[in-house]
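Data block below; observations after.
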2 protein chains.
Amino acid sequence: MSERALLDQLIDALRCLPGVGPKSAQRIAFHLLERDREGGARLARVMAEAMTRIGHCDRCRTLTERERCAICADPHRDAGLLCVVEQPSEVVAIEQATDFGGRYFVLGGRLSPLDGIGPAELGLDRLEALLAEGVVRELVLAISPTVEGGATAQFVAELATVQGVAVTRIAQGVPLGGDLDALDGGTLALALAGRRAF
Amino acid sequence: MSERALLDQLIDALRCLPGVGPKSAQRIAFHLLERDREGGARLARVMAEAMTRIGHCDRCRTLTERERCAICADPHRDAGLLCVVEQPSEVVAIEQATDFGGRYFVLGGRLSPLDGIGPAELGLDRLEALLAEGVVRELVLAISPTVEGGATAQFVAELATVQGVAVTRIAQGVPLGGDLDALDGGTLALALAGRRAF
Ligand SMILES: [Zn+2]
Ligand SMILES: [Zn+2]
């Protein structure tokens, strides 16, 4: 009897979802319990598995439960075209909105020396090794044009140039400081198609 | 390789949450995976347990994982006062907003013969047995004043009257701070009809 009611625990745990306050946590809990227990049970199962099993692709650092993600493992992708993004969500956004047929490299952030985020934290040693394989001929920068994003893009571009890899970046039209995955697909597709020499 | 990526399964499973479309499912999945795996793992654990273990209180039919809910088990509640609601969420709303110190009975819906929802489906036999114990002296109706809600309230009221239990119902009218022109017509009509001396 001293343990908290399971319903209260559920309402509480739901607050880890972004944008979910006490009121909507309650609404969600009652919805699942009264109208969709099967969906809730399935979500619980998949979520438990995802939280423990999903890691990062060995090659491009995007999220995957395999050693190598589906895109890196796909022999039909153009291995000569490499798009560098900050976050895994941006890979999904580009895949859904464009017909980009190359591969990706996910930095996982931006250079930020004050926060202890240097080249190693962004996997730039791995990117360098990848470029040194000599297969990539064009590196497409898809990094937000903020101050830190700009420094990061500059760093990546130099890395590629040293290896003799052409560097382009997706066209302006991306709003300043805007998150790529919050953009509408059309804008994103145009920006990618209009990429220029960096 | 033929199985769907775990990330896609997670995004898909999140769609069981009310009001969550493909875009927000994606946003939630990336948020949990990149920023709050611990919260996600805890939610998965509690949700799995809640979906299988939470049932209905033996006495009042509200949601609980115990035989008898915390309110029914609390000896300090006024057993003479019984509030009849349609849904478990309404018990929570009344508990949070008022100092009602009695107990509840949850119908779980409204009488709707065409949908096969009769007195048995709403547990009215159990309510009758409860009233026959002779402890309840006032039954408070907190049922939406719709056509079906009205018929249900009428049915419950007759059940109580036969047992010699007084029947009241929560006041209907304009909510505090509510704009008259944003209110539905039915509420406005009831508020006007129920006007009192000023
Ligand atoms: Zn990969
Ligand atoms: Zn109860």
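If you go along the chain as it appears here, the first residue is 1 and each next one adds 1.
Just so it is clear, glycine is given a Cβ too, placed from its N, Cα and C backbone atoms.
TrEMBL labels come from automatic prediction, so no person has curated them.
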Between B:57-72, B:89-104, B:105-120, B:137-152, I'd like to know which one TrEMBL lists as zinc finger.
B:57-72
Sort the residues of the domain 'Toprim' (B:80-175) into helix, strand and coil with DSSP and give the three counts.
38 helix, 20 strand, 38 coil
